[in-house]
Each structure stands twice: as C-alpha cells, then as structure tokens.
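What TrEMBL records for this protein:
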type	residues	note
REGION	1-29	region 'Disordered'
DOMAIN	322-438	domain '1,3-beta-glucan synthase component FKS1-like'
TRANSMEM	499-515	transmembrane segment
TRANSMEM	527-550	transmembrane segment
TRANSMEM	570-588	transmembrane segment
TRANSMEM	676-694	transmembrane segment
TRANSMEM	748-767	transmembrane segment
TRANSMEM	1497-1519	transmembrane segment
TRANSMEM	1554-1572	transmembrane segment
TRANSMEM	1584-1601	transmembrane segment
TRANSMEM	1668-1690	transmembrane segment
TRANSMEM	1774-1791	transmembrane segment
TRANSMEM	1811-1831	transmembrane segment
TRANSMEM	1838-1859	transmembrane segment
C-alpha cells in the first residue's frame, strides 16, 4: 500500500508561471461554499483497505483545491472495490460501497461546476502536469528543507497518474504521449531507510560513498543468464530482481531484503579503511566478512552431514563478488519469507542447500545428469512460488503439530515442537525429502490426535496420496527427535548426574570418615580406611546404572529418529554399567582386607605399598574418568575432538557424547577454566568442611547410640516391633540433614557470589561516586574521562589503553583541555536539557547545572556549572574580609580550591564585561576603565591588599546583586534606579575601598585645579555621573547569550549552600552519579559514528498501554485516579511540569488545551509503550549529537547543536543520514491491524508515536479476508508501516503462509518483525523498559565490544538494568533490590568467572547475523519455551557463542509493585524454570559442560528453584519425622535413656535440624551490591530498615511461591503465561482474591505446618525443654505464619474496618455462588475449585500415583493420635484405629443426612427441618455425654479428635481429586465437593477472624500503612490521601 500524504503548498514562482498566476494550492474562490467533510479513508473493509485507501486519502487532501479531481479519485476507488468484490461478500463491503456511492452521487454535479477544464481528462492532466513540473524542478537539488514536500508531491502524482491512465483508457483514447516520462517521475515507491527509486537519489543518505558503492554492486547484473527474458518482465534491474525472477519470491520481501543487504554492505564497507570507502567500489573485505558470518552455520552443517557446500565461486575476481552477493541475497530472501520456519535454522540450511545448487547451476549453465537438460529452479519463478511450494509445507507441519499441544495441556511426547522438527535436519536422512520435496515423506505426516479435522492445505500431498494405486504406503509419524521432554523430577538427576553423583559419593565418604572417628588427617592414608572410602565407587557404579536406565527409558519415544549407533551405545552403556554394578560389590566383598603388599625403599614415607583386588578393579573403573580429566586440563584437545568431523575424532567421542550438531566445542580457554574451577574448588571445600563438622560428624555417635538402645514399649500399634536397631528413628533424624546437605550448596553459592561479585565490582570501579559531594569533588576530572571514554581517539589497542587507564587515573587538567571541555560541555548541556524535558529538574536547577559555551573555552578556560561554584564566591569574600597578610598568601589560600578561584575570576570578568556593555558615556567609560586598570595593576604588583580595603567587598557585593537584578528585569522605567546603583558603586569604590581614590578623580577633572577644591567639585559633579540617557545603555540588547551570562553572574553572586544539593530529584541524582561513575570504568574506545556498528532495537507489543487517555487518567472506580496518583507520587516532577508548560494548576492546563502534554507526562511515569519508545529514541539523538561532534567545526560548535537544523541544512541532512544508516527502532505491534480496523484508540496513539519520531517503524500482522473464486479466504501478512503527514504509510508487505502465532506469543511476535530490523547488532527491549540520554552516549562503546581484538567475539552483550519502580512501597523496594542484585552482582559473576550467563529477557545486544542464521533471538515452542528469552542464551552457548556482561551502561526496567502481581510474576518464572528442567537445552548443557561449568549452570538456573523445593521438603520431612518420633514414643524413650546414661549428644542430634534455617544467607549478594553502590553504612542501614519493614516476611512468602509452582509444574504440568498487569495505582485486594490466589500455594501448607507444630508441642512437653522446642521450630513457626498472613499484611488498607466488612460480604457471596459454564472463577467458588484441579485432570498415571502417595501423609495424624486418647485406655490394639474410621464414617453420614434433609425439607417443611436438626444435635450430644461417663471421654479427647480427623478429611479430598476420572459421575464426587467447600469455608474463617480482630485496633492499620509505605513517608508523600481515594487535584 502506498500511503498518500497531505498536499503541502508547493507554490513558488515557477509554479505560478505554469498556472498562469494561479498557485496550485490556493483556496478555491467559489463564494462561500463550505468544503465537504472528508470521506473516512481509514476504517475500510479488510478485503479492500490496502488497495483503495491511498486514493481516498489523496481525495481528502486535495478536495479543497481540486474538488473534481478528488471526485475522480473516489470514483476510481469505488471501481477498484467493485472489481475486487463484485458480490460484496466481504465483511463490511456492502456498507462501504453504499456510503461511497452516496457520496459520489452527492458530489457529482457540484464538482462538475467547479471543474476548471472542459473535461475530466484535461482536468487530471492539468493537475498531473503541475506535480510533474514541480518534481522535475526539485529532484536532484540540495533543498533539504523541501524534502518532505517533494516526497508528498511524488506520492500524490503516482495516484493521479493511475487515475488519469484509467480514465484515459476508459474514454477510448490513446495512452498519454508522455506516459513513460510521467511514470518515471511520478511513480512513488514508499521506502524505509533508503529511497532506491530515481526520485530519492538526491537525498543525503544516498550520497554517502558507502551507500553508492553498495548500490552499484547490487545493480551489477552483467553476465547473468536469462537477461533478455528478465528485462522484458522487469522494469528495474538488479541482483534481487533477478533472484525474484528465477525463484518466485514476493515483491515486498525482495524490496525489504534489498535494503537490508545494501545497509549491511555499506556499514561493513566503511570499516575496511578510508581509501576503499572513497573509491566508490565495494571492497571484497566487506563482502567476504558478510559471507563468513552468514554461511558459517551452513558450512558447518554441510561438514557435519558430510555434504559438500553448494556455495561455489568463480576464479575471476569481479565475477566472484557478484556470485557472493547473489548467494547472500538468496539466503536473505529465503530467510525473509520463511515465516515460522525461521525458527528452524537447519531447515533453512536444507532449503538453501538445494536452491544454492540451482543458483550455481544456472550461473554456470550446468546440465542435469538425469534429464540432460539445463538445470532450472524446481519451483519456477511464478509469483509467490517460493511461499506456496517451499515454505507452506513446512509451516503446516509446524501448525498441526502445535495443535496437538492442546494449548499446553498435552504431554510433550505426543507432539513435535520446533526443536524436534529442526533436529530432523541434523541427520542425513533429511535428504530423503529430496528436491523438489517429496511431500509424502514421513516428515510431513502429522498425527491428528489433537489437531481435530483441521485442513492441511497441501494439495500436492493429497493428490499424490490419492493417485498412488500401485503401492500402498503406510504413513508413519516420526515422533520426537533426539530428545523427549519427560515430566519427571528424575530429569534433574539425568541432566546433572555428575553433580548428584559427586554429592552422594562425597556424603558417603564423609560418613565413612566420620564413622572411623579420625584423630588426625594422616589416618586417611591407612589402607583400611582408604579401602572403606573407596567403597563409594560401588555407589558410583549403581548411579551410572541408574543413569543408563534413565537414558533408555527417557529416549524410548525418540528411538525411531535416533540413529542405530546411538541406540547401540545406550544398550552397551547399560550392559557395561550392569557389569560394573556387579563386579565392584563382588570384588569388595570377596577381597576386603585382603592385601598384596610391596616393600618400598628404606626412608620412604609410604613404607609398604598395599592394595587389594578391589582397588585394582577401581583403578580400571576410573580409567575413563582419567581421560576426561586430561581433556579438561587441555581444552584445546577436547575442542578439536568434538568439533572435528574426521572419523578418528568421531570414534573417540562416540562413547562419551551423542553426535549432535550443537553442544560441541563449548570449552573455554585455560585461564577462564582455571578461574571458575578455583571458584568451585574453594566453594566445595568450604561446603564439605562445614557439612562434615557441623552436620555429619555430630550425628555419627548419637546414631550409634540410637541403634544400640532397644525400645520395647511403643505408644501406638507398632508394625515392626522386632526392629532392635531403631532404623525408623535413624531415618527420621538423618533425612532432613541429608536434604540440607543436598541443598546448602546453593547457600554457599550465595556466600561466594557475594565475595567474588563484590571484588569484581570494586575492580570495575563500581560505586566510586555515590553522593553529590563525591560528584562535585571529581567533576573537574569528568572532561578528561569523558574524552578518554566517549570521544573517538587512537591508541595502539584497547589492551594497552586499559592498562594505561588502570595505572594512570585521570587528571583534572588533561593535555587536550580544549577538546575535553568543549565536547564535554556540549554533551553535558544536552543531558541537563533532557533532564528538564523529563521534568526531573526545574528551570532554576537547569540554570545552575548548565555549562556556558563561548569562544573562551577554546583557549582552555572552562566555566563550570554554578552548582559546583555554590557559595564559593561568598566564602572567598569571607576569607578576604578577615585576612591579614600578603597578596601571595591570600591568592594561594583561594587557589587551594580551584573552583573558588574560578568563581572569583569569573565574577570579576563578568562584572567587567557587563560594565563595558552597560556604560557607554565617554567620561563614565574613562572612569570605569581607570578603576579597573588600577585594580589590575595592584594585582600584578601584588599590592591589592595595600591599595584596596578588602573588608568593603561585602558592600560592593550587595550593590552588584542589586544592579544585576535590575538588568535582568529590563524595565526601562527603572532607569533612575540603575543610575543610582551605579553612582553608589562608584562612591563605594572610590571613597571607601580605594586607598588612593584621588587618582580616579584626577582622571575626571583638569590637572591644574586646586587639590583643596577637589572635594567641592566632586560634590558638585559626582551626582551627575551616569545620569544622562547617553551614559548607560539600558535596557540592554535582547540577545540570548548575553542575558544567559547576566543570569549566570547573578546566580554566582546569590547562590548559597542549598545549591550544593542540586539536583533535588533523587532519580536525577542517581542518573548523574551513575553516568559519572561509568566514565571511570573500563570500556572499549568509541569509534566515530561513521565507523561504528549499526544496530536496531526491537520492542514487542501486544495489548499493553501505549499512552494513558484522559478518561483513564481521571477515572477512579474502586481506586484513586492515575492522575491523582501521579501528582502525589511525583510531586517535584509535577511542579516542574507545570513550570515548563507555563500553567499554575491542573485546571489551568486543561483550559489551555494542553491535555496531550498531560497525557505524555503521566505516560512517561508509567510502564507504557510511549515511555519505552522515548527512551529508545534517545539512541538516535545521541548518535546525531556525536556525529555532530565528529564532523563540526569550531564555528558550528559555538553556534550550538540545536541551531544546526536551522542554520546548516547540509550538515543537518548528513547527521540524519548517518543516524538512519546506524540505527532503527521497530515496534512489533502484533494487534495494530486489528486495533486500526476496530477503531481502538491505541492504534491512534501508536500512530502519534510514529508521527513524533519519524524514523520509528511499526510491524504488525494483518489478518485480511481475500476473495478468491467468490469465496472468502483469510490471508495473513507481515506489514511494516511508517508515519507520513499524520497517516500510516505501508512500506513492506510480506504474505505469510498462515497465522504466525503458533507457539508462545512473544517470540512469535518477535520472529515476524525481525525481518524488518537492520544492522549488525540487535537489542531486544521489553515494553516495560526505559532508556536515558546520558546512557545512549555510550552505545558506540558497547557495540565496539563485538569487535574487540585478542579475544572471542561475543554473540550476546549483557547490560545492566535499573529498576525504576522501587521508590514508593516497601514491596516495590524489596522487589527492586532483589531484582537489582540479580541483574548486577549476579550476572557479573555469571559472565566472569563462571562463564554461564545466558539471556534473561533483559536489554541485551545480540550479534544479529549470528542469531538470525541460528534460529533467532528466542525460542517459541508452546509451553516448553515459556521462558522464551533464556533459551536464546542456551542456544547461543550450545552453538559456541560467547556471552558477556557490561555494567558501564544501564537501561531502565519496571516491575510489578503489588504482592498479587509479584506473586503472579514469580509463579510465571517458576513455571518457566520447571519447563527448562525438562528441556533438551538444559540437558545438553548439563551433559556437555565440564564438571565445574556444569555446577555453575545448575546453581544459576534451575538449581535455585530445586533447592528452594528441597528446603520446603526438608521442613516437612523434619516435622513428620518429629511427629513419628513423638507419637510412636521413640523420642521420649530415647531421651529418657540418654538422660539415664548422661548422653548429651543424643538430645543435640534430635535438635540438630536448625540448619534448615540457613536460607537467610541467600540475601548476602543483595547487601553486598547495595554496599558497593551506596556505601556499606547505607547498606547496613537499608538492611536493618528492610527487616523492620518485614522484608523477611516478603522473601519467605515469595520462597513459598517459587517452590510450589516449580514442584507442581514438574509433577503435573500446567505452565502458562500469567499476565500480571502493570498497574500504577496502589489498590486493595479483596479477601476473596487473596484466597483464590494463595489458598493452595500457601494457606493449606501454612495450616499443615501449624498443625504439625501444635501436635508436636502437645506431645513432647513431658520430657523436652521449651527452649529446645523454640530453637528447633521458631523458623518453621515464622514460615507458617508468613504463609498464612503475609497477603493481608502487605495488602493496602488490609486492616481498614470498612474494607474488612466489604470483604466479608464478598467472601460469603463467592463461597456460596454456584458455578457452571461461563461463570468466572472470581464469581464462584465452584468455578475456581474446578480450575484449581486443571493440572490433575490432565495428569498422567504416575503423577496421579505420586499425588495419592503424598496425600497419605494426612492419615498419619489419625493413626498416631487415636492411641493417645483417654478413651482408648492406653490400648495399642489395631482395632482402635479401625474404630476411629467408624467415627469418621458416622460423621460423614451425619453431614450427608443434614444435606439430604435440607434438600427434602428446607423448602416446604421448614419447621420439620429445624426439628430434625435439633434431634440430630441432641443425639450427638447425648452420645458424647454417654461416652464421657462410660468410656472416660475427656475434653482433651475432643480436641485431639479434631486434630486427628481434620487432616484425614483433607487427605480424602486430595485422594478423591486424584481419582476423579473414576468417580466424576457418582454421588461420591458430589459429596467430595460439599466437603471441599466446607474445608475452604473453614480455612477462610480461620484466616479472616484474626485479621478482623486486628482491624478493630486503629493502631494496627496505621502501623501497616507505615511499614508498607515507609519509602513514600520518607519522601513526605501523601499516601493516606491515595489510600483513602480522595480526588484532590493540586
């Protein structure tokens, strides 16, 4: 679609001549006729819009001037619409035709009257000629100001020509004589960056030498075959057109990739050297560099499969370059049209392999050996041939396989994801598909189990199968490829088996060593101990056997796609493992303590060398491990073996690793390997030492004692009374310790992360500038640091530069002070101006922070910002007033502070300059110059103190301030006051200050006058000084620089200590401090903008807020309005905003129609798209400024950067051209097309963004109905648009094979838009991120990291993030610090030394070419790639990429700030990590990394979540173990026995579970990072304050969220994207919402823990001290209380009584509401309960069995407690337990009876129903009384029964849920539902009661508000008003 823009006035003299004095765009003078309203050209039917919109838009634009031509354009649009859809079958077509026809009928007669010519043809020709002459006249000129007008004229002319041509043909006349000429001139081709048509050749970007060279190379078609046929069918000729002609690519794809390749070539060409750049011939180095990047993956793929590459080049140099460009162009065209197949890189290699062969054959004229005909493309060059015949078959396979996923509910083994389909092309079997492709190959066969009857639109496949009659072929689904994602916790062991084996073997060794009770480490050398320790290898053999079994069982469903050698290896490994698992135990049992000894030489410390046969067997067993150790020490050897494709290396690596295309050669260099090995060796030594001395050794002796003590009397029915070793007690004691042992490595990782991360941060100069004081003290060194970091310069290399920088810090005065100060001042001023535009500072603050720019700066004289000089002048006055001594001493004292000296000198010079301008009278000028000369002479003679009374300077200071105030005011009526002040100053200087003031008087009077009369004459004449109008020049000339200097002088004179706190805004302080700190950090040299790498920013957008509307800003509903919220949260920025727009209040702003500015201000403070776009477009602003500094002369610099566009069009155009070539920003607005068609205001907001930022581009998926054979067919297209004259203009349109959203939404959204990105680097930015101008200046340095010499080129550059949402509530603060610690100290350590940093969805930069040839910047398979971003990092590393992290640049990021939103986010991340656990990427990283890097990978990815789960399990195991010991009587018996024998260690062992509470150490990295950046005192203060604000409660609660969702997802599945919303308003969550969200994840677990603790406390009191109980359980009590009540503690207004009442009403309504189809879960308990069981409904058999097994723990309460009832009379018979079940059945029957009675009697027999309930109640009561009398039933028995039977009921509910498919249609399930509702109601009441009770106390609500919003209170914000919801507007 070509967009039509408004017709701007293009009148000039030549136009007037053409139109005979009538300007084309003059208003039409037809009386007072009103111009009709424009016809709606935007909301058109989907089937017609792209084709007719441009005609309707042109009609609207020219209707006022040329109504008849507008009518003809609309008529032409109507005819096109009718031809496209004659029967009006498209949606909305009939209505559109009707409305347009009515408009045409109405306008027909009116427009004929207004026609200026005699016919429509002549009218059209007249207007076309006007545009034609204008285009001819202005094309090729340097009139950059009229560039947009020219483009508009060409766009309109192209539409008019098409209409004219249609009208002419319809009239039966011959075509226009000058048709070709007009076509060449007026044909308008919309462009993205490069206007490659003839009309754009004059633009600045097309004049760049590198662009010219690239375009010339692309247009070189000499020697290509089929040129004659090609020229007949094509108008334009270049290599891409030829490829389209041959292979049938889409026109939009060709245009897109043509520009793409030209920009890549041009940017690569620049860096080849200036000689080649200016030669206007594309360098071979540029082309060769791109060839290497683009085809590295393809050539590796060919080598891996043993195929010869089809990229074959001729020997002639000129032809070789053409061939290379054709090969690159072919790949880009394939990639650009591949749609979802882009996510399968090796599938693209397969396609390219065959098409490259066809290309080479055509170029060389090769003949097929089969047909003996010339080789031609298999699918021809018909339009869209490539899409239909090549892309579509692969796409529909992907589509149908994704449908088998059943929206994430199906098992992963039942469908093939992107990885499965792509990995099929890692096998030579892929070539069986052939070319042309054999569409009945098994690869294209999809099992339709989940896809339903979805059509499979591959006609050839259907026809081929129908026509096959000779041979019936059985289709076979290939199944999974190489890997099967099995949902099992055993995947963790399988992926990281070496780590688990090490931990298990180390635990066994430590236990063995502890059992030997060594008194000295040398005892380990004893042969008996060595042999016992070596028994760990038996365990190792068993673990390897388990691994071999898991490998076979987990890959069973992929056995058909795994080659025979791999399956054979699995079987051989199983056999070998079984042999060793048998041989080692047998040898150990047979030969233990049977040694063969050899005597050593005398004096040897070994004496005798003894060994057994078992030791020999172990040595043989370890031989393979020895080979691995050697390869680890020599990584180069392992790298060669893994990456080489020779048979010897393949054989050597066959046994150790499967032969896969990825995961080979990931070894780091020896230094890097040594660093992370050292890290882990130290960590493991610390962990094992701690575990041995504090966990294992203390339990050895007590364990032996427990096993020796015989327990004969149990307090329940014991099933194994004959067990004399108390094995169950040993298990209960040891299991929690073992679990802690397995998880505490994560804690040790946090400790070492703190140490190493802190050291690395210090070495990187992080946090060197923390306060404003430190900023001011180092400010003078900023210009030199800025010059060294951000200004291009030459050093030998970066390594020398860094070494020099490290040892030689910056001085305050550099050798090149001129350039330092000038360029720094320009950039600094732009930063401060940006602060003002963002309203971070006020006008006064901006004046205080600006650095003046004048010609003096070129001489090295720097005028520092006033905030640095604050109080310096007044301090100098104070020093001078009280000073006694010589001039030299005074000067040296002032010069000690260089800023003070600068302030004094600048004030003197400013006063002198102002007096020179102000005083113009001859006498007065002579007096002033005389005084100044005398003062300067005194300074030169060092006699100032002797000649001047310094003490009077204060009075002169006051007079100067008074004078400058009057000058700034500039009121001419105050001339007399100016005169008086000048006279006062004159008298003060001459009479009071100057000791020899008579010299000045002598200059005024003749020399022969008597000295005695001097005073008299002085009195007579002095008052007349400065009094005449001609004496002074006032008011002063209104020139901006002069007035700026006067204002600065006034500030220097008046500023006091308060200016030292400038800026006041905390965000402005943070940004300036970080920018200043980063100038002293290590970073690469900045190249010139011309030579830097080009890059793009890609931002995916779905339905998030673009910009807040006025309705959204003012609406409140149940919460305060966004507008009110923003005013209260950002009060200083609100005041600055009002000052900037010139309004005093919100009402005044609205009255002046500045609502758009208000919308912008609020949107820039929320998490909106407009904020993100503004931040990213700072890149362009920074690049243009840096290009200006690279190119500008001194004169341009003095004129100022902002004035360049007005005064220097050529330079401005060059800056725009460079910025366009280097940077582009693409927003992938997936729903933009639907929003446009539906009239969604967000579409207009997006269009406004494009209009504000003209280089911004929007890519979206258009879903359009197309009429084919009178049938509607949905067509999907990727469309790129830009804004031209407030309308969207289509640039490229690329048809898709189908809907692109097959997998996860975000990666699919990125994938469809990535084809429109440009450059060598790509930054992925989320919609909730921000950027800053001062950080954008460092973009050249960051991109230079890709080109660093002497090291591996990185493929992903990680950047630091700042969380900008952490300044209000305590939750936001906690979340901000938690996130900050990860994105700083965490990633710092991941990148170096651990080398396992991946991509985490942060603002990383990708090596774009590397990733687009390897699958993109994310993975998109449904469910398994839920955390899509991290898989890009996995993929990059597996493909031998290198990922780094850099902290000298930061990008802003927003996070959710409410507990519910945070919990949803944590749940999503936990779900994503559980799916990562099952993925092939984690499996391959765990298997392919060396041991130490594998540890890094585990503990920094899924290990954190699994360790959290183990921690929770350890708590449960500990409590249930204690419950077993207490209820069985074991603990009581053991402790009593220990006290009898005075065994203290036994009680210590039973209380040793406190190690579970070591998890607090995981917060150490956060404290270290705060200390680095803010100072350790501030870190300590913040840490204490966080604890007072219940940070421990928040983190414990989040801990439960992570563990719950991680464990449940691995066990049952159910991972899904959870939208959190990015609300900016603090709101109260209802009790119902909190219960729904946290019931199963926290509340149920909290009640269970509390119940365990209560029972444990009840039955241990008689023999255990309370202190021991507290020490053991205090942390668990804290956890249970946190999980139960944290949602209410962190709920705003959670203890407000009115809110409590409303919540209770909503809760009862929700719990009683019946669910059903269409009832949302927030409306009904039943709907919510059904949704909560969704994961069980789709669970497999094993998962259900696990769930049943876990539910059995709830029956333990009943079994243990019933034997402690008084009614049981201490009977231990099993019949007691049976009778307890009888009681439960009776209770259930009673509940069922009441329920049945309610159904039968409550409606019509209310009285009978009440009597029935009374009778039942009396019966139950009488039964209890009878039992209490006869069987001694006590009140405690009733309490214990409740504690026993409540868990049993819950266990029955869980059991019923697990077997629901069997009982779903029975009454048993109905009863389960009733029972579950009762339990939920009971838990809700138990939670609600204490909250309501606390709500009665007003102090509780006040306390909650204080700790929840302490940060806001510290900033004196009106939180109470926000919480109360008041609608004040100030």
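From the backbone N, Cα and C atoms, a Cβ is placed for every residue, glycine too.
Automatic prediction, not curation, is the source of TrEMBL annotations.
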Looking only at residues six or more beyond either end of the transmembrane segment (676-694), which have a C-beta under 8 A from one in the stretch? 506-507, 510, 513-514, 668, 741, 744-745, 748-749, 751-752, 756, 1393-1395, 1492-1493, 1495-1496, 1555
Given the transmembrane segment (1668-1690), its same-chain partners at Cβ distance under 8 Å and 6+ residues beyond its ends are 1370-1371, 1459-1460, 1515, 1518-1519, 1522, 1547, 1551, 1553-1554, 1556-1557, 1590, 1592-1594, 1596-1597, 1600, 1629, 1631, 1634, 1637-1638, 1642-1643, 1645-1647, 1649-1650, 1653, 1656-1657, 1660, 1887, 1890-1891, 1904, 1908
Does the structure show the transmembrane segment (1838-1859) and the transmembrane segment (1774-1791) touching, where I'm treating 3 or more Cβ pairs under 8 angstroms (sequence separation 6 or more) as a contact? yes
The transmembrane segment (1584-1601): which same-chain residues, six or more beyond its ends, come within Cβ distance under 8 Å? 1370-1371, 1373-1374, 1377-1378, 1459, 1462-1463, 1466-1467, 1470, 1508, 1511-1512, 1559-1560, 1563, 1641-1642, 1645, 1678-1679, 1682-1683, 1686-1687, 1689-1690, 1907-1908, 1910
Go through the chain and flag residues at least 6 beyond the ends of the transmembrane segment (527-550) whose CB is under 8 A from any CB in it; none is fine as an answer. 490, 493-494, 497, 500-501, 504-505, 508-509, 512-513, 516, 518, 570, 573-574, 576-578, 580-581, 584-585, 588, 592-593, 595, 610-612, 614-615, 618, 621-622
Per DSSP, what is the residue tally for the domain '1,3-beta-glucan synthase component FKS1-like' (322-438) in helix, strand and coil? 78 helix, 2 strand, 37 coil
